[in-house]
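A.B. asks: Below you'll find the structure I mean.
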Amino acid sequence: MDELKIVASASYIPPTVITNDQLAQIMDTSDEWITTRTGIKERRVSLKANTSSLCVQVAKELLKKSKIKAEEVDLIIVATMSPDSNTPATAAIVQGEIEAKNAFAFDISAACSGFVYGLKVAANFLKDEQIKNVLLIGGEVLSKLVDWTDRKTAVLFGDGAAGVLLTSADTQQSYLLSSDIKTFGASHAKLTAGCDQVSPSFPPTGPQRPTAFGMDGREVYNFATRQVPKSLVRACEQAGLTPDQVDLFLLHQANARIIQSVAKKMKLPLEKFPTNIAKYGNTSATSIPLLLAELSEQGVLERGQIIAFSGFGGGLTLGTVIIKY
Ligand code: ACO
């Protein structure tokens, strides 16, 4: 068991709402198709702010909520698959913008599992006595990577950022109870985005542009519905819990049908699997902390609850972390 306390959660969602009907005006799709296949009704698109700007808003809100000064932050991790640039890391930009001058900062690239991978990484860093406060933020501007002529992927994704301030638990009540983190790299080509092209000639003849989303939707769907229940069961066993002892399952919000299928396979009531995908679509590394922040705002979360976080996506990556909140 690792000490790990979630002190605060926060989110920042760009204001521009794009509904299914708006998408139906620019591509051959419909609100009916998107809603029944995915559960998504609308998503946000960031028209001005890049990923780091969204994350800075979240970081500032987290500091405010947890009453911690920027200088007291020791580590900043941003989980993202849509960073501002290859270098610097988005986390480094956040560190500079909030003037967290004592923090070191880096990004994690694990697509939609990024927040869960980040929890595991942060828990390990928090064993170090020199590290007390960690900002872990999932931030995405996936609209940069969307091909708006490809209806198979364009309807799925949304922009936003959300995160948590973590500290080594001082109350002896908050713990990371177990974790099950896996990568299925042999299936890496099933979900791709932002692939930089190697120039076939020198000097290069035209601009080299990263590619848009490419996804074998059915394969990723099958991967998620098969592997997430197994991962949840392994993590529960490791924590010495039966699945029904877990109060809430916060799953990556990729598709409402995936969440329904996981709940059914686990023979658990759907009420234990809250969703907000209708409002935001698939926001990749942002989706789990965004759901957490919303549930916290709504007063749904209580200290002492057992919460399982489970992410899956590009890599293919998979991860479950169970905490005592
Ligand atoms: N509107 C209308 N029709 C569409 C659309 C659309 N937006 N997209 C596809 N279709 C059509 C297809 O062309 C196909 O038509 P055809 O039968 O004439 O060929 C038909 O609908 C069925 O297409 P499928 O791809 O088989 O639809 P499916 O039921 O599998 O749903 C979906 C597709 C929603 C993408 C689903 O496979 C899914 O959710 N997959 C998982 C994606 C995921 O979880 N990603 C998570 C990771 S994301 C990350 O890591 C960033």
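Our numbering is plain: 1 for the first residue shown, then up by one each step along the chain.
Each residue, glycine too, has its Cβ placed from N, Cα and C.
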A.B. asks: In TrEMBL, which of 113-117, 223-227, 253-257, 268-272 is tagged region 'ACP-binding'?
C.D. replies: 253-257
A.B. asks: Return one of helix, strand or coil for Cys112 (active site), based on DSSP.
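C.D. replies: Note: Cys112 (active site) is helical by DSSP.
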A.B. asks: When you measure from the Cβ of His252 (active site), how many other Cβ atoms are you left with inside 10 Å?
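C.D. replies: Cβ-Cβ neighbours of His252 (active site) within 10 Å number 31.
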A.B. asks: Write out how many residues of the region 'ACP-binding' (253-257) are helix, how many strand and how many coil, based on DSSP.
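C.D. replies: The composition, in the requested order, is 2 helix, 0 strand, 3 coil.
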A.B. asks: What does DSSP give as the helix, strand and coil breakdown of the domain 'Beta-ketoacyl-[acyl-carrier-protein] synthase III N-terminal' (106-183)?
C.D. replies: 23 helix, 29 strand, 26 coil
A.B. asks: So what's the average pLDDT for the domain 'Beta-ketoacyl-[acyl-carrier-protein] synthase III C-terminal' (236-325)?
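C.D. replies: Residues in the domain 'Beta-ketoacyl-[acyl-carrier-protein] synthase III C-terminal' (236-325) carry a mean pLDDT of 97 in this prediction.
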A.B. asks: Long-range neighbours only, meaning 6 or more apart in sequence with Cβ under 8 Å: which ones does Cys112 (active site) have?
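C.D. replies: Counting only residues 6 or more apart in sequence, the Cβ neighbours of Cys112 (active site) under 8 Å are Met81, His252, Ala254, Asn282, Ser284, Ala285, Ser287, Gly311, Phe312, Gly313, Gly314, Thr317.
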